[in-house]
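To keep things clear, I will list the structure first and then write my remarks on it.
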Amino acid sequence: MLDGLTAKLGGALGLFKGQRELTDANIEEGLAAVRQALLEADVHFKVARDFVESVRTRALGAGRIQDKSVSASDQFVHAVHRELVELMGPEDAKLVFASNGPTVILMAGLQGAGKTTTCAKLAKHLVTKLGKRPLLVAADIKRPAAVEQLRVLGRQLDLPVYHEDGLEPPVLCERGLKEAIRTGRDVVILDTAGRLHVDDELMEELAAIAKRTKPHNQVLVVDAMTGQDAVRSAESFHRKLALTGVVLTKLDGDARGGAALSLKAVTGRPILFAGVGEKIDDLDAFSAERMAGRILGMGDVVGLVETAQAKIDEGEAQAQFEKMVMGTFTIEDMLAQLRMIQNLGPMKKVLGMMPGMGDALKNVDMDDKHIKRIEALCTSMTVKERLQPDLLDMSRRRRIARGAGQDVADVNALLKSYKGMKQMMKQMNKMGLGAAMGGKAKRQALAGMSPTGELSGDFGGPGLMGRLGGAAKGLGGAAKGLGSLVGLGGGGGLPEGFDPSMLGGGGGAGGSGGARRPQPARDKSKEKAKRKQKQKNRKKR
Amino acid sequence: MGLFDRLKQRLGKTRSAIGDGLSALFRGGRPMDEQLLDELEEMLYGSDLGPLATDLVDDLKRRFKRGELKTEDDLRATLRERLVGELGEAGEITLTAKPHVVLVVGVNGSGKTTTIAKLARRFREQGHSVLIGACDTFRAAAADQLEVWAERTGAAIVRKTEGADPAAVAFDTVDRAARENFDVVLVDTAGRLHTQTNLMAELEKIRRVIAKRLDGAPHSVLLVLDGTNGQNAIAQAKLFTASVEVTGLAVTKLDGTARGGAVFAIRREIGLPVQYIGTGERAELLEAFEPGAFADAILSSAGSSETAR
Ligand SMILES: Nc1nc2c(ncn2[C@@H]2O[C@H](COP(=O)(O)OP(=O)(O)OP(=O)(O)O)[C@@H](O)[C@H]2O)c(=O)[nH]1
Ligand SMILES: Nc1nc2c(ncn2[C@@H]2O[C@H](COP(=O)(O)OP(=O)(O)O)[C@@H](O)[C@H]2O)c(=O)[nH]1
Ligand SMILES: [Mg+2]
Ligand SMILES: [Mg+2]
């Protein structure tokens, strides 16, 4: 599934067989492949059908790419991707703020979608990024302990939570708004009970809440794992509420998230944020670009498109660039990648499923101890050696082994792994997948190094990764490429701000490996000690 | 009232306007042809059947060409038979030990805690004593939520402070059940995405600890799937099974318009049977799974999807 589209479209062996022109005839198979990918990603079948038609128009219509040097495959991928990104945008959609009085944000959605958690995340975002003073209103009087859940989150955030027993939700919300005015809060976030769109009574209740509080933002919270039903429920919520935006949750998993496309198609409203974990900080800005790659099950489509784009923009320069980059896959790159793959856990499995990758990875032992030993060997090398492994003759190898307290055989094994990895990179490039590692990712990778290959990172951190800073930072790009390649992490890539230089410090970055860590307690009250204990306990998770 | 009736009742309005999904295809005396079957395929996709929809319809097309399918009734009967065949027989959890330990797992928000409440009610009604273990020590107020349900259903509960080691709670629960001769133990766990290796390892530990305290336990491992989920449910089933040997499924939130069609692929690929269906938030809204009624719900929902855009 993962490699479906990629394998079909990519390279000279793909559907378009190196043809230079897109035609009515050769586009059919490509469109069928895209439709299949969309359906597998849970895009609603009608939305998928419409989408495919739009791609056809774009690819063959007036706006088609005229440049004959761009292959049919690249033209096609470009059309698919642009269409998807445009449909999914805009990315810079913002919450609306009231010109006077408190801003009201109504959160609605199905049961278990993530509303309460998202309320807390949003509150934190508003406090830290925009200096707001939100009030949370607990208006879910259905689910047992729902009020308590929000109160616990409110305490973690040091924010007030309004609730009064015995009130119907519309009245409760209206009082909440008054409370906000009275206490000088500038945002009110209404956490409502989960409801199915077929539940008329509860849908009416939602309308009543909206009528009384006149929310500036009416946000639908949707689970990224939602299937075809996303269309039906979003339609109903939109009809009842006139939504202003959507938050997509649980994107830290491996759901392809086709619901995002369905939602956009049905409501026309922007996706405001992406939920990428259970912690209060796990809220990302939405990226249409990453979402597009994720839905197509080919994060690398971004890379492919970039390659296509680059060919259009830069022509020959791109090829030169690729060659140069391939020459700079160094031992440091390998180390950083091993760490990254190790940290992502299931990623090895996922990568292993891709044609050609399984074998390449087999030779790469990725357990902790092994990586420690590689690290030791690397520190024993000079920077120059790390960047140009060809220099490593016998005498250098002996010196390195001694320095690391290991045998020459270990150095040889390291070099063998290195060659295996390099081979793998080549293979990826051949498959067209390399584009994920190429294009932007590689440009970013290069940005971490000066043209002479000297390290230029500004990482003051101690330890090996501090020293490897430049390369590691560069690989951030590559890491993102890989992340989006397998559809892991936030919105298809790794979460924004993911910094592989953290990997050396053992920080569990990345959606898939991240431990559940508590919110930092910043409360001075007497509960502080208690919370600290809790924090300790939770760390054990 | 069975599942199908309940669903029909719930969907009354949509249904009467459009009619049964299959009938809609044949509206206006339209004869069966390939295009009609293509539309049927899309409708089946609409119930989250995924690629299986294509498989099924390809088979129907073959039968059509052989002249075996002519009328709406032929089609309905054949499709129903295929769907039911895919699902196979399944039964509810049968108590095989005392205490019989049921470990309940699933992704975030799928309905684990509520399903535990429903199971507790069911077992209590059958006259069994029930002990619930509140092993979700992570999510805010998770144990409070469970405690409310325990009270309402007349089950006993073991809980610790938020942040406690979930495996320790599991151990204490099974330990108490064994000592105090409970009939059934229901272990609630925190929601976790199947891709989170460390949290899956935590689940494995819970399982190990239970087995250590009581030979042969857990006797059932119930994976709770959100019925509104699409193809991702398959990945959930695979990885949870790989980690804690799931023995059966509960599919929740089928009181809406979602049909949980991913369970077909799960049955086919992993062999996991559906045991329960959740049709609402209250504790009595749990049904034992019936393949026939489930297939009927899929058939009738096909086509009731409104237009996108
Ligand atoms: N309509 C409907 N709602 C359900 C059903 N089962 C559970 N819910 C609701 O779904 C929401 C989540 O259910 P929970 O039981 O808390 O889910 P959980 O899996 O324990 O959630 P976490 O522990 O947070 O991962 C609650 O609002 C439940 O009332 C069902 O069959 N139908
Ligand atoms: N992994 C993950 N879990 C989430 C996310 N958002 C919410 N959750 C979890 O999903 C479950 C349901 O969330 P909750 O906020 O209670 O949903 P509500 O019923 O809509 O209010 C809880 O276990 C949350 O911790 C997310 O972005 N990622
Ligand atoms: Mg809630
Ligand atoms: Mg729960």
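Think of each number as a place in line: the chain as shown, counted from 1.
Using N, Cα and C of the backbone, Cβ positions are placed for all residues, glycine too.
Per TrEMBL, the features are:
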BINDING   A:109-116, A:191-195, A:249-252  GTP binding site
COMPBIAS  A:503-514  compositional bias 'Gly residues'
COMPBIAS  A:527-541  compositional bias 'Basic residues'
DOMAIN    A:270-283  domain 'SRP54-type proteins GTP-binding'
REGION    A:497-541  region 'Disordered'
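Counting other Cβ atoms within 10 Å of each Cβ, the lowest count among the binding-site residues A:Lys115, A:Arg195 belongs to A:Arg195. Taken in sequence order, the binding-site residues A:Gly109, A:Gly112, A:Lys115, A:Thr192, A:Arg195, A:Leu251 that lie near ligand 3, meaning a CB under 6 Å from one of its atoms, are A:Lys115. The residues of the domain 'SRP54-type proteins GTP-binding' (A:270-283), classed with DSSP into helix (H, G, I), strand (E, B) and coil, number 0 helix, 6 strand, 8 coil. A:Gly112 are the binding-site residues among A:Gly109, A:Gly112, A:Lys115, A:Thr192, A:Arg195, A:Leu251 whose C-beta comes within less than 6 Å of an atom of ligand 1, given in sequence order. Cβ contacts within 10 Å of A:Gly112 (GTP binding site), excluding its own Cβ and spanning all protein chains shown: 25. Among the binding-site residues A:Gly112, A:Lys115, A:Thr192, A:Arg195, the residues whose Cβ lies under 6 Å from any atom of ligand 2 are, in sequence order, A:Gly112, A:Lys115. Listed binding-site residues (A:Gly109, A:Gly112, A:Lys115, A:Thr192, A:Arg195, A:Leu251) with a CB under 8 Å from any chain B CB: A:Gly112. Other Cβ atoms within 10 Å of the Cβ of A:Leu251 (GTP binding site), summed over all protein chains shown, number 31. A:Gly109 (GTP binding site) is surrounded by 26 other CB atoms, counting those within 10 A of its CB over all protein chains shown. Classification of A:Gly109 (GTP binding site) by DSSP places it within a strand. For A:Thr192 (GTP binding site), other Cβ atoms within 10 Å of its Cβ number 27.
In this model, the domain 'SRP54-type proteins GTP-binding' (A:270-283) carries an average pLDDT of 95.
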